[in-house]
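Going by Swiss-Prot, these are the annotated features:
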- 180-356: domain 'Hflx-type G' (DOMAIN)
- 186-193, 211-215, 232-235, 300-303, 334-336: GTP binding site (BINDING)
- Thr193, Thr213: Mg(2+) binding site (BINDING)
Amino acid sequence: MKTAALFVSKEFEEEAIALVEGANYKVTSIYKLPKSPNVKFYIQYDKLQQIKNDEEISTLIIFEQLKPRHFINIRRELKGKEVLDKILLLLEIFALHAGSKEAKMQIELARLKYELPIIKETYTKSKIGEQQGPLGAGTYGVESTIKFYKRRINKLMKELESIKIFKEKSIESNKRNNIPSIGIVGYTNSGKTSLFNSLTGLTQKVDTKLFTTMSPKRYAIPINNRKIMLVDTVGFIRGIPPQIVDAFFVTLSEAKYSDALILVIDSTFSENLLIETLQSSFEILREIGVSGKPILVTLNKIDKINGDLYKKLDLVEKLSKELYSPIFDVIPISALKRTNLELLRDKIYQLATQLS
């Protein structure tokens with residue numbers, strides 16, 4: 001297993017460690033991010049030298065978005081060590097869990113579009129003699145790399161557009177067959193996949209590591225002799241970078257093109273975190289074009305809740321209705337223990353009937 005030094009702010013330390021471990025790295029040391037980033041390296045130079053001289057560390061991970069100059073300067077210092085920021089870390093995790101050709105294409109597109117400005121700045125520096133190129137290739141090598149990236153990006157965008165058109169036609173076909181589709185959305189580890197499994201009887205992989213659902217899974221279930229299509233979508237992340245939202249449009253659009261949504265919220269969160277989660281969830285849905293379709297909010301993991309369930313339920317219901325319309329209903333459940341699952345099935349049937 002590769003070893004990593006991790007730079008992260010205290011408030012995101014737990015999430016960052018889970019992400020790094022989810023990418024199959026062993027965190028050997030943790031450093032706080034500087035309050036005032038170093039202009040040249042982002043992190044403190046003395047800390048960079050510690051990592052440079054530590055032979056046990058193979059990778060430096062900075063849980064923030066770096067500028068191209070930071071990558072160039074850090075990589076020049078840490079020759080032989082891998083350097084990742086938050087976005088490259090997320091893309092590496094996505095690549096590990098990609099289950100379809102489409103997902104792999106989306107990940108490659110996101111990575112190429114993110115790395116291209118770094119290579120362009122490397123080219124600029126190589127022309128004035130500051131940098132020898134990404135692999136010591138010099139100006140000509142960097143020019144060739146830039147041309148390759150641009151060609152590959154254009155090809156991937158065309159292929160993904162074709163997939164998008166095909167999916168839209170497939171969705172329209174389902175609508176003509178009077179099969180309503182309901183997307184299950186929410187943050188990673190909120191219990192989306194557990195709920196999908198409980199409702200469908202399937203056994204998708206459920207993992208404590210983040211991002212186990214990369215390609216949306218679709219499955220039709222019968223409720224009161226009515227066929228309803230359920231879709232388990234890719235999970236949200238906090239502070240999701242716009243580059244990833246754009247690159248994963250086709251995957252995230254499963255939510256946009258669903259007739260209705262089930263938003264899964266983790267009831268074990270504190271009230272402040274519940275508020276933050278609801279606000280960011282509805283913001284992400286707006287960003288991908290969700291508007292006007294009914295949303296059924298589920299407060300999940302009530303078997304593990306600490307505190308007053310009804311107080312949290314009241315908070316979630318009130319805030320959800322302030323942030324979005326129409327909210328079909330808000331109900332407490334435990335996907336794992338199957339608490340209130342029959343009630344949820346009834347609500348899904350009512351929702352599907354309303355859509356007809």
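Our numbering is plain: 1 for the first residue shown, then up by one each step along the chain.
Using N, Cα and C of the backbone, Cβ positions are placed for all residues, glycine too.
Swiss-Prot feature annotations superimposed on the structure.
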residue	record	DSSP (3 states)
Gly186	GTP binding site	strand
Lys192	GTP binding site	helix
Val234	GTP binding site	coil
Lys301	GTP binding site	coil
Ser334	GTP binding site	strand
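Around Ser334 (GTP binding site), the same-chain residues six or more apart in sequence whose CB sits under 8 Å from its CB are Asn300, Lys301, Ile302, Asp303, Lys304, Asn340, listed in sequence order. Neighbour counts were taken at the CB atom with a 10 A radius for the binding-site residues Asn189, Thr193; the maximum falls on Thr193. Mean pLDDT for the domain 'Hflx-type G' (180-356) in this predicted model: 87.
Residue density at Gly186 (GTP binding site): 24 other Cβ atoms are found within 10 A of its Cβ, drawing on all protein chains shown. There are 24 other Cβ atoms within 10 Å of the Cβ belonging to Val234 (GTP binding site).
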